[in-house]
Amino acid sequence: MHKTRLALSCLLGSLLLSGAVHAAEALVPPKGYYAPVDIRKGEAPACPVVPEPFTGELVFRSKYEGSDAARSTLNEEAEKAFRTKTAPITQIERGVSRMVMRYMEKGRAGDLECTLAWLDAWAEDGALLTTEYNHTGKSMRKWALGSLAGAYLRLKFSSSQPLAAYPEQARRIESWFAKVGDQVIKDWSDLPLKRINNHSYWAAWAVMAAGVATNRRPLFDWAVEQFHIAAGQVDSNGFLPNELKRRQRALAYHNYSLPPLMMVAAFALANGVDLRGDNDGALGRLAGNVLAGVEKPEPFAERAGDEDQDMEDLETDAKFSWLEPYCALYSCSPALRERKAEMGPFKNFRLGGDVTRIFDPAEKSPRSTVGKRD
């Protein structure tokens with residue numbers, strides 16, 4: 001009996017120590033985020049004026065306003081109003097992504113300083129922290145967090161340590177990311193399963209990016225928990241019931257669900273948490289079903305109420321940016337790798353920018369990743 005108690009005591013102590021060590025370990029991104037800054041001759045473009053920090057109510061019209069339950073018919077008037085009101089948010093998302101890509105590629109200090117000036121201005125004003133919002137507003141909050149924290153990660157973890165000379169700005173920015181991340185968690189927690197869809201997956205990516213950028217494990221843990229829920233929603237054939245509700249856009253929304261889930265899985269694996277086995281390999285099953293559906297959409301049409309699938313979105317190569325983390329997580333076939341190379345390089349500002357340079361840096365386009373004008 002004494003030996004049994006001693007063994008149990010030792011086992012408990014070992015588990016507690018293991019948990020403490022795990023909790024103490026700093027959160028890290030996938031290895032591609034450690035890439036050094038390339039240095040080229042020349043000056044950065046003049047720093048544009050900072051987009052007005054958005055501190056007001058996050059209450060916006062939905063571009064699907066007036067649509068039926070499938071939420072698949074575009075309301076052009078509402079979309080125009082939405083884009084006008086959210087312009088400052090979209091400007092900082094796209095602008096930060098563009099400047100970080102350009103800085104990592106060309107190493108011009110002006111791009112780094114401009115990026116930090118923009119983020120610092122929004123941080124100091126407490127942008128995106130309002131508790132007055134509607135569904136479209138809280139959606140914009142999590143998209144913006146994923147975009148900004150996702151791009152910032154490349155600066156924070158680069159082996160060139162570009163943030164070392166800007167400790168105060170980095171501290172303010174990261175503190176702001178953590179606050180926005182906490183609010184995103186409040187926005188998207190405790191939803192009934194029937195309301196958990198791609199929005200929750202994108203919220204998980206945003207919180208994961210913020211968690212790693214700020215080394216806040218509660219944020220990391222929440223993102224992982226949302227992944228568990230998402231994986232549990234994938235049925236045995238690789239369908240997401242709540243995305244099938246989008247009827248003619250069911251396939252497009254299954255595809256749209258994959259980028260954030262792949263990113264969460266990639267970041268989790270970098271920190272010793274392998275999510276690929278969740279629900280008997282749900283993530284791989286979902287990806288395989290989407291790839292098959294792109295070639296033969298009839299199964300999606302059948303499951304979505306005999307609705308012919310709208311393939312317009314799927315004709316845009318950038319919609320498949322999830323292939324980069326996918327092929328880092330799984331053994332992609334030579335044919336799929338060749339297809340990925342033909343479609344890339346992939347740049348998705350909502351994932352923090354140039355996803356190809358992060359996950360498959362050998363697969364670079366000969367042209368600039370930020371366009372000829374840059």
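Placed from the backbone N, Cα and C atoms, the Cβ positions cover glycine too.
Taken from Swiss-Prot, the feature signal peptide applies to 1-23.
In the three-state DSSP assignment, the secondary structure recorded for Lys63 (substrate binding site) is coil. Within 10 Å of the C-beta atom of Lys63 (substrate binding site) sit 19 other C-beta atoms, taking all shown protein chains into account. According to Swiss-Prot, the substrate binding site annotation covers Ser62, Lys63, His135, Thr136, Tyr253, on the basis of sequence analysis.
Counting Cβ atoms from all protein chains shown, Thr136 (substrate binding site) has 19 others lying within 10 Å of its own Cβ. The substrate site in the record is lined by Ser62, Lys63, His135, Thr136, Tyr253, and its two most distant CA atoms lie 18 Å apart. Neighbour counts of Cβ atoms within 10 Å were taken for the binding-site residues Ser62, His135, Tyr253; the minimum is at His135.
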